[in-house]
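**Q** The domain 'C2' annotation in TrEMBL covers 1-98, 228-349, 392-523, 939-1064, 1111-1237, 1372-1490, 1613-1762. Sequence annotations record features per position, and here TrEMBL assigns region 'Disordered' to 640-686, 1232-1260. Summarising the annotation, TrEMBL assigns transmembrane segment to 1859-1881.
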Amino acid sequence: MALVVYLKTVTELRGKGDRIAKVTFRGLSFFSRVLENCEDEARFEQAFRWPIGSQVDGDEMLEIQVFNYSKVFTNRLIGTFRMVLQKVVEEGHLEVSDTLIDDNNSAIRTSISIEIKYQTMDGSMKVWSDGEFLDIPDDCDGTFQFETDSLLSGRSQSSVTSPGLCHLIQLKHHKILMQYQLCSLADDAAILDAEDLDRKTMRLGGGLDPDTISLASVTAVTTNVSNKRSKPDIKMEPSSGRLVDYQISVTVIEARQLVGLNMDPVVCVEIGEEKKYTSMKESTNCPYYNEYFVFDFHVPPDVMFDKILKISVIHSKNLLRSGTLVGTFKLDVGTVYSQPEHQFHHKWAMLSDPDDITAGCKGYVKCDIAVVGKGDNIKTPHKANETDENDIEGNLLLPEGVPSERQWARFYVKIYRAEGLPKMNTSIMANVKKAFIGENRDLVDPYVLVQFAGQKGKTSVQKSSYEPIWNEQVIFTEMFPPLCRRLKVQIRDSDKVNDVAIGTHFIDLRKIANDGDKGFLPTMGPAWVNMYGSTRNYTLMDEHQDLNEGLGEGVSFRARLLISITVEILDTSSAEIMSSTEVQIEPVSNMSESATGKMEEFFLFGSFLEATMIDRKIGDKAISFEVTIGNYGNQIDGVSKSASAKKKKEGGGESEEEETELIHNSSDEEAEDDGDLTSVPSTPPMKPVITDRNYFHLPYFEKKPCIYIKSWWQDQRRRLYNSNIMDKIADKLEEGLNDVQEIIKTEKAYPERRLRGVLEELSTSCSRFVTLANKDQNLSGRTKLDKERLKSCMRELESMAQQAKTIRSQVKRNTVRDKLKLVFNFLHRLRFLADEPQHSIPDVFIWMISNNKRIAYARIPSKDILYSIVDEEMGKDCGKVKAVFLRLPGKKGFGPAGWTVQAKLEMYLWLGLNKQRKDFLSGLPSGFEENKATKGIGIQAVPPISLVYNMKQVFQLRAHMYQARSLFAADSSGLSDPFARVFFSTHSQVTEVLSETLCPTWDQLLVFDNVELYGEAGELRDDPPIIVIELYDQDTVGKAEFIGRTFAKPLTKMVDEHYGPPRFPPQLEYYQIYRGNCAAGDLLAAFELLQIGPAGRAALPPIDGPTDSDRGPILPVPLGIRPVLSRYRIEVLFWGLRDLKRINLAQVDRPRVDIECAGKGVQSALIQNYKKNPNFSTLVKWFEVDLPENELLHPPLNIRVVDCRAFGRYTLVGSHAVTSLRKFIYSPPDKTANNWNEDEKEKEKKKKKKKKGEEVDEEEPDESMLDWWSKYFASIETMMENLRAQEAALAEAEEREDLEIAAESVYNKELESEFGNFEDWLHTFNLFRGKAGDDIDHNVVDDDRIVGRFKGSLCMYKLPLSEEITREAGFDPNMGMFQSIPHNDPINVLIRIYIIRATDLHPADINGKADPYIVIRLGKSEIRDKENYISKQLNPVFGKSFNIEATFPMESMLTVAVYDWDLVGTDDLIGETKIDLENRYYSKHRATCGIASNYSVHGYNVWRDPQKPTQILAKLCKEAKLDGPHYGPGGKVKVANRIFLGPTEIEDESGLKKQTEEHLALTVLRHWEEIPRVGCKLIPEHVETRPLLNPDKPGIEQGRIEMWVDMFPMDVPAPGPAIDISPRKPKRYELRVIIWNTDEVILEDDDYFTGEKSSDIFVRGWLKGQQEDKQDTDVHYHSLTGEGNFNWRFVFPFDYLMAEEKIVISKKESMFSWDETEYKIPARLTLQVWDADHFSADDFLGAIELDLNKFPRGAKTAKQCSLNMVLKEHELPTISIFKQKRVKGWWPFVARDENDEFELTGKVEAELHLLTAEEAEKNPVGLGRNEPEPLEKPNRPDTSLMWFMNPLKSIRYFIWHNYRWMILKALALLLLLLLVGLFLYSIPGYLVKKLLGA
């Protein structure tokens, strides 16, 4: 059935231009192609066709509009042609010519000619003719696409009640820009069945591939049909401002290339106010620290992410001096948190000097930084080799996309002026002042504080001014791009006591810049920013002061501030630049009024249609509502009149209300003309009436109060419009994606089609944005940011449209999930782009006022209610009725107080230019009369003060409340007593209370009679008001506690509609319940709204009365709506109970488990003595129950554990609700699967490869050299390579089986997560008790609520079951589906725990370290390895194994804890991990002892399991009833029709070869998962990495531990001894360095005769970390050429770990240390050349540092030795002393000059010789030139021996020449002292003489 319109021509057009036509039928429009440059006739000649699902009604309309087309502006309408289709319906074919009519319905000359065809179906309308879709009109290039954009079951919008299947076909023509508007006839939630869909697809597509058709929305409460109502927000609580735990860990590994000579560097890490320092390393430019710091915070996320993390290097800091700063690096914590895994790992931070920005890089610090919030788990990348990390440039600590060369830039923040500041002082003081001084003062002294990147700048204080003018700029100097995202601008009130914030605004630099190649530097404004905060009335102690600091959502307008931001990149080479980064303040010139846009008068209108759910605390006083925008409309405390403005206004006599802060911009005459200027910002007070015992409502009934406000703002609507368009695209996209997720979740058919539809819609609406946003470019007040943002948004959306098209073509059944992720990125991007950084009109606040106090508020962004003539630009709530929930302000709104609604309003709001206001009432539900305030002339213009509805409809609402699941536990028992309260309009009803359940099935119908709704019937049908359902927990005393809320829309039936399919009866649907911001369960219900006509209630569909008399008057959900049930049997496996905690201080002794599902259930056997044996005696029980056929509607199954006490009392221990039974549904095994006889040749190939691998024996390292650690390190390598391979998408990388060293699997997570918690048949259910915490993240389990665990399993299946299962051989009917399950009698097991090492432990001591040791607990036994603690280590290597004997099930939870040893006081727990051994023991994955990669009987890789592979295989085959194993000749083994190959020989210790079948058996075991039906992966030999957690810091990792556990049952032969994994002892080496000669050493001293330069050279050397053992050569005096001859030997003994390439040093940290600490540092040799001075400190000339593992080969001669050996180190071939043993050559000495460039300061000829300790002992040598093996004396020229030849001359030269002035001064000083001494000596005698006159 289809309607085809053929548009021929339009004639008699005026002028010349491009024309386009739009053809609309049933709300679905097509655009014609654009005809360019046509004169008076436009020949379209184009066909449009609508496939339709329901008969065309005689009174339906066809509409054709003809436009003048414009690329830039909106198309201008020429005229419209409308036609009723009655004639077409009768005749089926019609040709028409007619004139068009214009806007005023008068005919114009232009005429149109069309042809219409209507093909009906004879008889049924369900059949489509076969070729129906494919007869495409030829002029359309054959480009039809089948996209069923909305396939709906029923409910079309037209007046037709037959099911409307509207099918969208898109005409893709190359000229069409705006292709179609989405046609969505969906009512709330049309749910389509898969089969139903298939039928439709068949009808639609003929034989199309189902994968190419896309399909529209299926569910969501929110799909809107008519556009009179907008969708309510369900999340109530403000999410910002809540305190959260964060832990920041920083590891400072090392520093390199620090600028400076011979420095002693310390690294300081500073976050916010906290500082931590590393230890000091002496005289080195590349210190190695490897120190770990942890900072803990408990702050709101915004505060955390704005904190600055600063890493600085300080030179020679000690107790007395603060040291000099070398350089710093800073970034904000938010940048780290937004990294993948919230961390930077092994990255180099580049240091710069804040006091000298011209200086360039000051060095690099290598560090790890991680930020962990609660519930984040950080995956530590495994320590890779250091080779790639030494490439500093490639691993800089910068986020993705930031260039490595950052430049310095100036950030100019210009602060112009502010308006509308609140009073910040009491009026009493002001009155006193007025009495004395006689003038009015404004009560606020504002200044502006700007904070950025850890620096602050303040403007001057403007004394007492509500409208301060600053005109100053704050200048920051910072690297660009900065690593700090937000700039904080705050207006503060200066006060003698303390300054307080008036308002705060954050500017996100990412939003005002774009880093793309066509991007722009941060720029903003000049623009006004609005500041929000606490209410404006001044109180001494403002309870909401936090809001003014920018924490939490502001509840009132505070002020607006005019600012602009610009950034200029500095050219640091120019001379006149200021080199410091101090913040500067400078004045700027004033800004003209018009620069921020033209002032326009805006009009805000609002109408209150309903005010319900008013909290009963405020129900006794009269209530009014006040609406404000900025300070307009705020009568209580809005207008702080500026004193200057007051004087101006003395003449004008307007009323107080409209005297707003900005009114003096409009002249007085205007005000007089406009008769209606007075605003009405609040509703008249009214006493509420009672709804029920919790809530009141206001009796508005037919009279709805209105408000309206005039206000003046700069006209910057374009910003909001663009933002609205993007928001709408994003909303559409989000809704579509939610649908797709819903389809996937509920496993409905064809999610890929829906996703294709979503993408198609995205690409068209993105292209539409590009057309719309390009308009009115030339408005005044457009800033640079406006232009740049527009460009970048258009670019982004264009590319998004392209990508969406591409992705759409790639969406297939199997790629839906991946593509979904990609599309979610689009969503985030759109939301980010839509957020406009430059404000214009402030937000609208609605306050509920009672008793002149502000009680509760709602904040509505002004863009949401902004009007535009273009639909896409209009705010989403503009001119619509929206349900608004009021909430408490500030901190009161957190937590439970914030969840209860203070009031629910049904509100209509409209905001637009005053001149556009003619249709501000058009969106209201129709059927009202306006009621004006004044009578008389000009009355049209005055907005109404109330609306009176004379049309009302009466309805009956039926709420079918079926059940809820996964509710919040509100009682201490861990359960709730839930009931639901349903609100609709002013009515409310409650369901019955069901006690003690989290999954109540009320099965109750609530009937609301005589609900009166105002407005037109048709509108109410399409868009009824929403229903609010609140769930409460009934308490015996006190008020019921709120546990969640959800919204629903009823399905409406008008009087004239038939109650029957497809719309009625309604289907049950799931509604998500929210509590605050967290999801808190689901409600399964259905709602219908039935109009009561003149015939009264009798005409409504009947309600079946209560069927079961015992429920009294409660009505059950009627039959058509309640789900269809069928019979299921549920079998329960009862295994045991574990870890039950005490209940009310009493131990649990005789527990029992009760299972209940849908009212039926079963009880386990009673455990007689929980302590002795916590397992159940009867394993399997079952019960039968009627459950819905639809799996999604299955009720939850409740598990409860009760303790049976004496005298028949029962106590609830804990409970668990299994919300989804789907994973327990039994599916019979597929007998037909025989596809596993895989190609034998493949196998052969693989085998050949392996054989080859085994022949490479020659290179293999000596067996005896290898130990367990070789295997471990080899495995880590393998793991790293696999990870890298995965990253490079080479997941098929050959498993490295040809590795010479046997490997094991290293899992960088727990084994449980790799193998599904080992719940392959035994599941663990946590039992909860106690009230649930109000945690934001529900993924964090509250450990305090877990009171134990129930182990068991479930299996459910439909009855009757097929016979063949029960007939199988050996089927035990008692065990039901749980065949072949081991018995649960107690069993003794030997547990062997191997602990390898721990990494990144949380420091426990003040010095930032810990002294860890291991504690192992199992049941009652505990092993404390306290004496073997490892001193001051955060990455300790334990290398230990422990044995414990245990009896399952009593002792099955193993705890491995790491404690910190303390000399005094108790030891602290660092962290612990718990392992459930029982699940591992019984798992089919065989987690008792890992299967090794190959079988050997001796050596480091000896087989650990007491059972050999052959025995294990035989046992597995027997248990699984498999045929085999059959070992055949030629290394073959056959198991269950599969053949495996493998070697058959084994070597014993003496090297003899023997025949064996073990290798064959092992091959089968390693490929056990390939065995059909029973196969599963067996656990390989492995090491697992487990996170350590500490109960005091829930959810935050305290480090990780690497370990594995072996278990051996005691009833089989005992296992061999434990493998030795004790840490490798470092090997003792001796490095002998002979310094032969030096050359070209720079000369420091001047000769006293000739003025020649000379130096007294000596060489100093040490191994890194052993500075105190440094060794010096003797001095070569007076070298004139820089040549020095030494022949001097240094000897350095050291301990070295070959595998880790580190030197091990043990030394005490300080004099006070209790014991030695072990350090591991890279093996690096430092050689330095010095100039010896006798009377002053020696001068440092240069140094070289050689990494003994890889250093450049020395040059053969001094000539060839150059600076490049240091600069281009990575390019040169390198050698390792550990391989070469002996090396000789020339190496350069380098130092840095004043410009921080490297310069060559000398060359040294040295010989390095490495010996092991044993070799050194056999072959001893002396130090220097001593015995044994003395070196000969160097042959030095005589100038250097002047000392000895001519001592006097030397003394004269050395001392007199250099120090003559010093000597003369010293002599003079001596004489002076003598004189003073003599004077003091002789004065007493002289005085006596004088006095006595002797």
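Positions of Cβ are set from backbone N, Cα and C atoms, glycine also.
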**Q** DSSP on the domain 'C2' (1-98): how many residues come out helix, how many strand, how many coil?
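**A** DSSP composition of the domain 'C2' (1-98): 6 helix, 60 strand, 32 coil.
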**Q** Residue counts in helix (H, G, I), strand (E, B) and coil for the domain 'C2' (228-349), per DSSP?
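**A** DSSP classes over the domain 'C2' (228-349) add up to 14 helix, 62 strand, 46 coil.
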**Q** Which residue counts does DSSP give the domain 'C2' (392-523) for helix, strand and coil?
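**A** Taking each residue of the domain 'C2' (392-523) in turn, the totals are 17 helix, 56 strand, 59 coil.
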**Q** For the domain 'C2' (1111-1237), what does DSSP give as the number of helix, strand and coil residues?
**A** 10 helix, 56 strand, 61 coil
**Q** Short question: most Cβ pairs under 8 Å with the domain 'C2' (1111-1237), which of 228-349, 392-523, 939-1064?
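**A** Counting Cβ pairs under 8 Å, the winner is 939-1064.
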**Q** Let me know the model's mean pLDDT on the domain 'C2' (939-1064).
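**A** The predicted confidence over the domain 'C2' (939-1064), as a mean pLDDT, is 86.
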**Q** Do you know the DSSP helix, strand and coil residue counts for the domain 'C2' (1613-1762)?
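**A** Computed counts for the domain 'C2' (1613-1762) are 3 helix, 78 strand, 69 coil.
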